[in-house]
Amino acid sequence: MIVLGIESSCDETAAAVVRDGRVLLSNVIASQIGEHSKYGGVVPEIASRKHIEAVIPVILQALHDAGMELSDIEGIAVTRGPGLVGSLLVGLSVAKALAFSRKLPLVGIHHLEGHIAAIFLSEKVPEFPFIALVVSGGHTNIYFVRGFGLFTLLGQTRDDAAGEAFDKAAKLLNIGYPGGVVIDRLAKEGDRNLLNFPRAMKESLDFSFSGLKTSLLVHVKKHGSPSAREDLAHLVAAYQEAIVDVLVEKTLKAAKMNSVPQVVVCGGVASNSRLREHFMERSREENIDLFIPPPVLCTDNAAMIAVVGENLLNKGKSEELSINAVSRWPLDVAGSFR
């Protein structure tokens, strides 16, 4: 089955064509980073307007790159939530229009399930069940995954997501946006062991990054923001390491607690080079099979949405054209919508 995926949950407008849920034929992403960087974060109104401008060209480019016509598409999958409602509605409206005009089946997809499913576009794929860490700007969750649509939430952030912890640190230090990318790049020049930031490593599988953020703020108030690039690199390297340590250790702990020797790491923050490196180191030590999509499939994209869509469409699932966007949508109850 050839599926067109559409994603517009935040600040990337994306479209992709995927065959049989495994073969990526095209993957087009229009980023809005340049539009939002001056504000230090995503402005919902601007995001919605930019999606309107980009969505049709992006879909046409995805079809062109795949060597396809719209008549070749057999089903449409679109992100339904969670996300910014104004942004979601752009992709959802276009998907509905295409489905209606071409008489194609349509399925609305949970954004986080898409992130988890991105791994099935890799050469090496896990078998069910597995543990999944979904780590992004808005989410930091650990799931027990028994199959498509079958998720049990094991742990989540109690305050900021890991991506927010990166972005807020970058804003505090005035080093640019998006914070995770800037910190990842700069941290490579620093020594992560020169400073020691706190790790919230309680018995629970839940996360908390508020104490880490406060610790950085106290450090800056006491010592000032580093003026020398070398000192700044040491600071962000140590801060990044504190985030990475917690993400890795709690995820591997979840795998051991549930006797599941397979871990999938996904979401935008999964493109962080130190996180990938440390997960590889620790998973080898713990004899756990690690699966991480390539960076281009970690950030928001429509290919991952098409993968989930293909699975649902092959089961005969489809949505009414009356479906609406869902701004808040727990993944472990997503199946109740189907």
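Using N, Cα and C of the backbone, Cβ positions are placed for all residues, glycine too.
Worth saying up front: this structure is predicted, and the values here are computed from it rather than measured.
Taken from Swiss-Prot, the feature Fe cation binding site applies to His111, His115, Asp300. The Cβ of His111 (Fe cation binding site) lies under 8 Å from the Cβ of Glu7, Ser9, Thr79, Gly81, Pro82, Gly83, Asp300, Ile305, each on the same chain and at least six residues away in sequence.
Take the CB of Ser136 (substrate binding site) and look out to 10 A: across all protein chains shown you find 24 other CB atoms. Residues annotated as substrate binding site in Swiss-Prot, with sequence analysis given as evidence: Val134, Val135, Ser136, Gly137, Gly138, Asp167, Gly180, Asp184, Asn272.
For Gly180 (substrate binding site), the number of other Cβ atoms no farther than 10 Å from its own Cβ, over all displayed protein chains, is 25.
Within 10 Å of the C-beta of Asp300 (Fe cation binding site) there are 26 other C-beta atoms, taking all protein chains into account. Taking a C-beta cut-off of under 8 angstroms and a sequence separation of 6 or more, Val134 (substrate binding site) has the following same-chain neighbours: Leu112, His115, Ile116, Thr140, Asn141, Ile142, Tyr143, Cys266, Gly267, Leu331. Set side by side, the binding-site residues His115, Gly138, Asn272 differ in how many other CB atoms lie within 10 angstroms of their CB, and the most is found at His115.
In the three-state DSSP scheme, Val134 (substrate binding site) is classed as strand.
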